[in-house]
């Protein structure tokens, strides 16, 4: 027996050496394979050697845990599993992504810039915790704001990986339970890529922080905790601080936690009338932390109109549903099914890819909850049984609250709560699996049981980690954004003609306007495939407009969505239409010239030009829903009418030769910012121009422009000049000439055409 244990330890040590070496080599390989452009899938773009190294590390971690050597080897293997999973999560940073996220994340980037620069106050938004944390990381490390945002999300994911197993350990105090919890945490079940993401998404970030609060909660309720029976303890103070932190990171998650706390406190009060209530008859009361938490929440939340608006939306949706005037969120599910069928897949296939492992844990959790409510829990640890019963009653209250978000106009928020609920389901599922293991371990089939468990864990890790990032595997594009795209929009906004609208496909440029805190951009809507196929972009709008196409747009439609709405031929034909001119490009096409691999292309569409094949009523401006509307997802940009600022039109920049390896436009790389001489004025996007009235939900700025002062630049109108620090300069040779200044060291060379001259662009 002693010899067998010694041999097992030697094998485990050797395996751990292989696992750590494989992971180290994977990280080094990933670091030296940086992203050079937009990547539709971070999985496909990352060298296969990286994934082999990560897979070896995870397999070793599972194998050593299954061998169950004595001493420190199992904890070390669990640490290896956490590091391997963290490597996957940190991959955008390891591979040098400029930013990650293209929707709410860009708006939050603008808010973070505003708070850091002092243009906004932290108290101006309901949940400033993440934005101020970004400012702290930016100030301490000196890394850019986009990188700071990515790093904060990844650090919170690491917190989740550490504290979920610690929470389970407080309940079962068993190495086997901790091991199961560690591998379950590595599956990142709260991430759905429907409404929770590994991006700067405050709801998701607070959900990842939730295990910290649960750990403190169960430590506080534990009989091991010292202090007054119903009063203040050191753990209780930490619990209150953590709860306040959740409010500052996202008030909706904090409300969910407050409801859970209140349910536990009430269950403790009325335990004698509740099934299974005897399990917590002598527990420490949660009343004091709950009252303090609730009081702070009310004081904080009552200051913000968005709180009242959200409560009104939920109550109105419930009322309309009761009266039969509104349906449940099945309409959004049906819409998703229709979209899936267009690309040749079924909603069942998509569900299985995203939710199969989650469904297993939900089923296990549901069984455990039913057992608890029936009062049939075994004689396990008292802390464990208390926690199960608390979660059971918490679910009875939170469940209807979550379902209320599945009704009417708020149904899009329901899947956020699914992500939150998966934290609880993961813990309960782990407890259930641990109970199974303890019931049958140690018998003659122990070896076979451990082998089956190891295979199941590996399968769960594979099925889960392959969907933590969006990719064509789940028919979604990666949301990474490149520096070339940000610079392209920065330059575009700098030379945006003040009365020219902006169009895009599926969504407008408003998010990038938010990110750069600029004003004077007038969103019009989105074009449809009919406009592209019928060659009638000029009849889409009664006004001249800019049409922006990024590598993200291009590859999303062609590859992720398989041309279901916008075909490759339709997108490639834009520049061939009469009256359409390419006026700016930071884009680089593939070596064979068949696809847009990086950057942004902006076209000017002259709506006064007769359409090539006649007007199509269905492809008119009414297609997009009218001026100022964006048809995909919530946007903070509202309709902006008659801006008063004066801006120089976008400079014409031609595409770089195919042999140019650096993302280029014309003879160089188009970057954010620039000054142009001519017409009696100049504008530099680095500091944002002067702007007309702007209404932006949840943020400040407007009338005087909201540029990022840290980016630098100058604005010159009527002789008045304001200058801020900025980086490298190049002078364009054409007439009229100007200087483009970019904060990221890039250069742009090209002719700065007057408004009418844009028609001559290529």
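Don't overthink the numbers, they just go from 1 along the chain as shown.
Using N, Cα and C of the backbone, Cβ positions are placed for all residues, glycine too.
Model, not experiment: these values are computed from the prediction.
TrEMBL has this to say about the protein:
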| type | residues | note |
| --- | --- | --- |
| TRANSMEM | 40-66 | transmembrane segment |
| TRANSMEM | 78-100 | transmembrane segment |
| TRANSMEM | 136-164 | transmembrane segment |
| TRANSMEM | 176-194 | transmembrane segment |
| TRANSMEM | 200-221 | transmembrane segment |
| TRANSMEM | 228-249 | transmembrane segment |
| TRANSMEM | 255-274 | transmembrane segment |
| TRANSMEM | 286-306 | transmembrane segment |
| TRANSMEM | 355-375 | transmembrane segment |
| TRANSMEM | 387-408 | transmembrane segment |
| TRANSMEM | 414-436 | transmembrane segment |
| TRANSMEM | 448-469 | transmembrane segment |
| REGION | 606-762 | region 'Disordered' |
| COMPBIAS | 621-649 | compositional bias 'Low complexity' |
| COMPBIAS | 659-668 | compositional bias 'Low complexity' |
| COMPBIAS | 669-692 | compositional bias 'Gly residues' |
| COMPBIAS | 699-716 | compositional bias 'Gly residues' |
| COMPBIAS | 717-742 | compositional bias 'Low complexity' |
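The transmembrane segment (414-436) makes contact with the transmembrane segment (176-194), as judged by at least three Cβ pairs under 8 Å among residues 6 or more apart in sequence. Tertiary neighbourhood of the transmembrane segment (286-306): same-chain residues 123, 126, 217, 220-221, 230-232, 236, 239-240, 243-244, 247, 251, 254-255, 257-258, 261-262, 264-265, 268-269, 698, selected by CB-CB distance under 8 Å and a gap of 6+ residues from either end. The stretch from 78-100, 176-194, 255-274, 355-375, 387-408 that makes the most Cβ contacts under 8 Å with the transmembrane segment (136-164) is 78-100. Long-range contacts of the transmembrane segment (355-375) within the same chain: residues 184, 187, 189, 192, 275-276, 278-279, 385, 388-389, 391-392, 395, 422, 424-426, 428-429, 431-433, 435, 460, 463-464, each at least 6 residues beyond the stretch ends and with a Cβ under 8 Å from a Cβ of the stretch. Proximity of distant same-chain residues to the transmembrane segment (387-408), defined by a Cβ-Cβ separation under 8 Å and at least 6 residues beyond the stretch ends, is recorded for 171, 218, 221, 256, 259-260, 263-264, 267, 274, 276-277, 279-280, 314, 316-318, 320-321, 326-329, 368-369, 372-373, 377, 414, 416-418, 421, 424, 427-428, 431. Residues of the same chain lying 6 or more positions beyond the ends of the transmembrane segment (176-194) and with a Cβ under 8 Å from any Cβ of it are 58, 62, 65, 74, 78, 81-82, 84-85, 89, 157, 160-161, 164-165, 167-169, 204, 207-208, 354-355, 357-358, 361, 415, 418-420, 422-423, 425-427, 429-431, 433-434, 437-438, 441, 457, 460-461, 464-465, 467-470, 474, 476.
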